[in-house]
Amino acid sequence: MWVTKLLPVLLLQHVLLHLLLLPIPYAEGQKKRRNTLHEFKKSAKTTLIKEDPLLKIKTKKMNTADQCANRCIRNKGLPFTCKAFVFDKARKRCLWFPFNSMTSGVKKEFGHEFDLYENKDYIRNCIIGKGGSYKGTVSITKSGIKCQPWNSMIPHEHSFLPSSYRGKDLQENYCRNPRGEEGGPWCFTSNPEVRYEVCDIPQCSEVECMTCNGESYRGPMDHTESGKICQRWDRQTPHRHKFLPERYPDKGFDDNYCRNPDGKPRPWCYTLDPDTPWEYCAIKMCAHSTMNDTDVPMETTECIQGQGEGYRGTINSIWNGVPCQRWDSQYPHQHDITPENFKCKDLRENFCRNPDGAESPWCFTTDPNIRVGYCSQIPKCDVSSGQDCYRGNGKNYMGNLSKTRSGLTCSMWEKNMEDLHRHIFWEPDASKLNKNYCRNPDDDAHGPWCYTGNPLIPWDYCPISRCEGDTTPTIVNLDHPVISCAKTKQLRVVNGIPTRTNVGWMVSLKYRNKHICGGSLIKESWILTARQCFPSRNKDLKDYEAWLGIHDVHGRGDEKRKQVLNVSQLVYGPEGSDLVLLKLARPAVLDDFVSTIDLPNYGCTIPEKTTCSVYGWGYTGSINSDGLLRVAHLYIMGNEKCSQYHQGKVTLNESEICAGAENIVSGPCEGDYGGPLVCEQHKMRMVLGVIVPGRGCAIPNRPGIFVRVAYYAKWIHKIILTYKIPQS
């Protein structure tokens, strides 16, 4: 260590059966290749609880949700018609149900290890095509007459018995279209004078209309305009893509519904046809194209606000003076960004515009050799400092930003007052909590924030910087400029001695079974480590594990006490903190070998020359590392002395702490990142610092600079208090 809402179904499913003999039918190929998971609506971290003891459940161990879906669709080995299932991710087990969340006597319940999948056929309120696969619960005809039960001959005799049309779900008196006839689902009526009548069930393309180009469309359409089934956004087959739900949480990437995340003329989706990567979806325009206030960009004519999507000025040349091509012209460049396709983007004449969410206004040019160019000569709008920056900790910030740093739209404060009261001990100033604007009602040291509508990220900081000249305070007598650390490889504790003391809070973070970083167990479900261990927000967490209760990094001899836990979520620290909190998929079990370590009080300081320790499995100065956990003893240095050792090139601010070895060359190195600097005060051991990349491995007379945990203690407590903990 230096150390170191309602959903559609498959198109004309009943017709597909009659197409099997056609020579090269698309539907046949699609059905063979189709992943049945596309037929289900997913509710993450949710399970169903039945209050009626007569309702049956079937369960069996299976490896994937896809396998559960296949058995549910085929009803293979099930004594009932499967309408939904839950996949237990931790135990790799399926639970199949003959009911769903709309069934009387059934309720949804949060469960961290569960994902609920409901067959869209049974919960949607719309139809695709003729509605042959509709299995919803509408039981009233278009004129308002109650339907006659299918197994009844009163008042009308008929041959449409459930036993004669197996698979058509002729249950109760629900509207159905068992023969796939024109007109859609129908039923025999309870009126002796009216034998049968169609039911008023809308097409899924009409359940929710779209405005403008459908960027805000969140409806249930899951087929393309040619009838192809959409690929799930959370799947990479048959087409690999970048639009992952976790990467774009505000784009509405639910299941396999049509969306428009990239500024195309209208909503689209990837398809299940390997030969057709994507197609547009047929969704009707709203009669009155009104948009929510949060969807409308600020219109400007003399300057650009944000990315300039609301620019409506008359600049008509790119940055180097080349004139723009008219938007309604196809010469010299052909394109589909026309006034007809983008009716609400004001594509008049040849004015610079940003219809597709690019980084700034642009246009096609009249030069055949220059297809497009940015109009970067348009100035940025002047924004008052109260809107685009904050002073102090931002408690008086009154700007109108309403998005988090991860791109999530803020939730209205009035909807979150109960949650806010849970972690503050005073009555917040409601007059400041306007709409869903970023604010700092709890005096957070790290700036304005807001609640979100995402249950996985209850709240987050907003991308607002401190105003110019209002910098982070430095520690007393520290007045030298901060120099960025040179890039180094992962750190390890060099010349540390093996330790077998009680360090049950020490964590080895593994990526594909290889140790990459250390960490500290601060709560049963939470690990504190360094951001450098997770450089990308979009890495697949299934490849990561947390090993606890071990002394040997390979687990040799530690099998009986070792706990291996999956990581379910990353929570990045405040901007510039170099910290990340890991939420475990299930809580660690505290015993003689696994324990938690205390956090310091917010803002506390530790006296100079206090002896502390760093722990890690990193590089030890030897080619043949034994893989044992090592400890190196360091002492706390003040700013002045630390700066001297760094030739005056380093100044500590309030988020940093300095510690070094007195004589022996020891300290963190490769593999120790994320590990703790542990100090003892009043017989209590605490994690005072976190190891982050330094300036080399245990360089003589070069003390290490750690992230000062005390400065971020309130943030850590706030995360633990507000983020839901997985159930054991």
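We count from 1, first residue shown onward.
Cβ coordinates are placed from backbone N, Cα and C, and glycine is handled just like the others.
Candidates considered were Cys375, Cys381; Swiss-Prot assigns the disulfide partner of Cys352 as Cys375. Among the candidates Cys281, Cys286, Cys303, Cys363, the disulfide partner that Swiss-Prot records for Cys324 is Cys363. Here the disulfide-bonded residues are Cys187, Cys286, and the one with the most other Cβ atoms within 10 Å of its Cβ is Cys187. Applying an 8 A CB threshold to same-chain residues 6+ apart, the list for Cys324 (disulfide bond) reads Asn316, Ser317, Ile318, Asn350, Phe351, Cys352, Cys363, Phe364, Thr365, Thr366, Cys375. In terms of Cα distance, none of the disulfide-bonded residues chosen from Cys147, Cys281, Cys381, Cys612, Cys658, Cys679 sits within 10 Å of Cys389 (disulfide bond).
A distance of 12 Å separates the Cα atom of Cys642 (disulfide bond) from that of Asn653 (N-linked glycosylation site).
The sparsest Cβ neighbourhood within 10 Å, among the listed disulfide-bonded residues (Cys147, Cys281, Cys352, Cys381, Cys679), is found at Cys381.
In this structure, the CA atom of Cys204 (disulfide bond) is 11 Å away from the CA atom of Cys281 (disulfide bond).
In the predicted model, residues of the domain 'Kringle 1' (126-204) average a pLDDT of 92. Ranking the disulfide-bonded residues Cys187, Cys286, Cys467, Cys612 by the distance of their Cα atoms from the Cα of Cys381 (disulfide bond) places Cys467 first.
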